[in-house]
Amino acid sequence: MAAASNFLGLLVLVVLASAASAQLSPTFYDTSCPRALATIRSGVNAAVAQEARMGASLLRLHFHDCFVRAIVSLLQNTSSMLAHLCRGKAHRHMQYKQIIIRNLYTSVQGCDASILLNETTGERFSPPNMNSVRGYEVIDSIKAQVEAVCPQTVSCADILAVAARDSVVALGGPSWTVLLGRRDSTNSFPGQTTDLPAPTLSLQGLRDSFNKKSLDLTDLVALSGAHTIGQAQCLNFRDHITEPNINPAFAASLRANCPATGGDTNLSPLDATTPTIFDNAYYSNLVSQRGLLHSDQQLFNNGSADGMVTSFASSAAAFTSAFTTAMVKMGNLQPLTGTNGQIRLNCWRVN
């Protein structure tokens, strides 16, 4: 059994290393589709000009695509193979190796546009995303525009990553270099959305959720700053209104639009100060106990993140530097590259 475990562990490392060697690159489409980035940017700018909230929605869509379970599912799916591998003969090892590799590329998922697949049994309709995540039609429209200039060349996963960046820029935020070369998943995994951080999580729960993605406390606090734009439904912050760590005047203002019963889908801005401008006001709100979600205020609640929140509140430069770094890290969460996956013709369905 030990030999089989060592074999599987080595195999996983080798395959992951091989996958990582197919590096993403900011110049990936320079030759194959030089107009790709300009086309995406134009589509994003038009959508945000029509509705500022769409910028936040596209940023969140990218986050929800990337933040799914990955390696854990590999171990679960291959556990039953170990027993067979232990009992198998040497000449069967190659057969099992091929099975495990196929299983690996089916299970490893991250920023792969799987959330875009319009399957009632997929991620798009799982509890964390259904009636919550939006912007699918904007991505579909941008994809159609990109297909018109470069047929079956630019992946939906890359469009999501670039659209997230361009949305931030459109709302006055920083830019960053997006690494490209992702490919699209041919499956969607509704059972894998449980790693998405819920608005009810404690600081430790948030840290655990981000640690699973090799994202540290700085990444957690910085990426949470995306809540400087966008809105949340009443059902996601109703309980926080009555918690002790909320400014009483702010709580009273929220209650007007989010009563104790009813109004579940009523919206309130995550950043009441500058709701459609990407800035660092979110952190100043936390310092004054005006975080909309329970999970927001947990970042400034006499815990390990307090100092970082204070730093970001006082320095926009410190926030934008940490945010852009964290976005690149998140965007590189186990993408499909090389010949894995496909380049979808339509983002909402596999070819």
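Just so you know, glycine gets a Cβ as well, placed from its N, Cα and C.
Per TrEMBL, signal peptide is recorded for 1-22.
Annotation comment: TrEMBL describes 23-351 as domain 'Plant heme peroxidase family profile'. Mean predicted confidence for the domain 'Plant heme peroxidase family profile' (23-351): the pLDDT average there is 90.
Per TrEMBL, disulfide bond is recorded for CYS33-CYS150 (among others). In this view, CYS33 (disulfide bond) is surrounded by 18 other Cβ atoms within 10 Å of its Cβ, with every protein chain counted.
The annotation site 'Transition state stabilizer' is assigned in TrEMBL to ARG60. Cβ neighbour count for ARG60 (site 'Transition state stabilizer'): 21 (other Cβ atoms within 10 Å of its Cβ, all protein chains included).
There are 20 other CB atoms within 10 A of the CB of HIS64 (active site, proton acceptor), with all protein chains counted. Among the features that TrEMBL reports, active site, proton acceptor is placed at HIS64.
What TrEMBL lists as Ca(2+) 1 binding site is ASP65, VAL68, GLY110, ASP112, SER114, GLU123. Within its own chain, SER114 (Ca(2+) 1 binding site) has ASP65, VAL68, GLY122, GLU123, ASP184, SER185, ASN187, SER188, PHE189 as residues 6 or more apart in sequence whose C-beta sits under 8 angstroms from its own.
Around the Cβ of CYS66 (disulfide bond), 28 further Cβ atoms fall within 10 Å across all displayed protein chains. The annotation disulfide bond is assigned in TrEMBL to CYS66-CYS111 (among others).
Residues annotated as disulfide bond in TrEMBL: CYS156-CYS347 (among others). The C-beta environment of CYS347 (disulfide bond), restricted to residues of the same chain at least 6 apart in sequence and closer than 8 Å, consists of ALA113, LEU116, TYR136, ILE139, ASP140, LYS143, CYS156, ILE159, ASP184.
Taken from TrEMBL, the feature substrate binding site applies to PRO197. Just so you know, the Cβ of PRO197 (substrate binding site) picks up 19 other Cβ atoms within 10 Å once every protein chain is counted.
The heme b binding site annotation in TrEMBL covers HIS227.
Around THR274 (Ca(2+) 2 binding site), taking its Cβ as the centre, 18 other Cβ atoms fall within 10 Å, counting all chains. Residues or ranges marked as Ca(2+) 2 binding site by TrEMBL: THR228, ASP271, THR274, ASP279.
Annotation comment: TrEMBL describes CYS234-CYS258 (among others) as disulfide bond. Note: CYS234 (disulfide bond) has non-local neighbours ASN257, CYS258, GLY263, ASP264, THR265, ASN266, LEU267, SER268, i.e. same-chain residues 6+ apart with C-beta under 8 A of its own C-beta.
Among the recorded positions listed (GLY110, CYS111, CYS150, PRO197, ASP271), ASP271 has its Cα nearest to the Cα of HIS227 (heme b binding site).
Residue density at CYS258 (disulfide bond): 24 other Cβ atoms are found within 10 A of its Cβ, drawing on all protein chains shown. Using a 10 angstroms CA-CA radius around HIS64 (active site, proton acceptor), the recorded positions that qualify from CYS33, CYS111, THR274 are CYS111. In space, ASP112 is the closest of the binding-site residues ASP112, THR228, ASP271 to CYS33 (disulfide bond), judged by Cα positions. Counted within 10 Å of its Cβ, the other Cβ atoms near ASP112 (Ca(2+) 1 binding site) come to 31, all protein chains included.
Taking the C-alpha positions, the distance from PRO197 (substrate binding site) to CYS66 (disulfide bond) comes to 12 Å. Comparing C-alpha positions, ARG60 (site 'Transition state stabilizer') sits nearest to THR228 among the binding-site residues ASP112, THR228, THR274.
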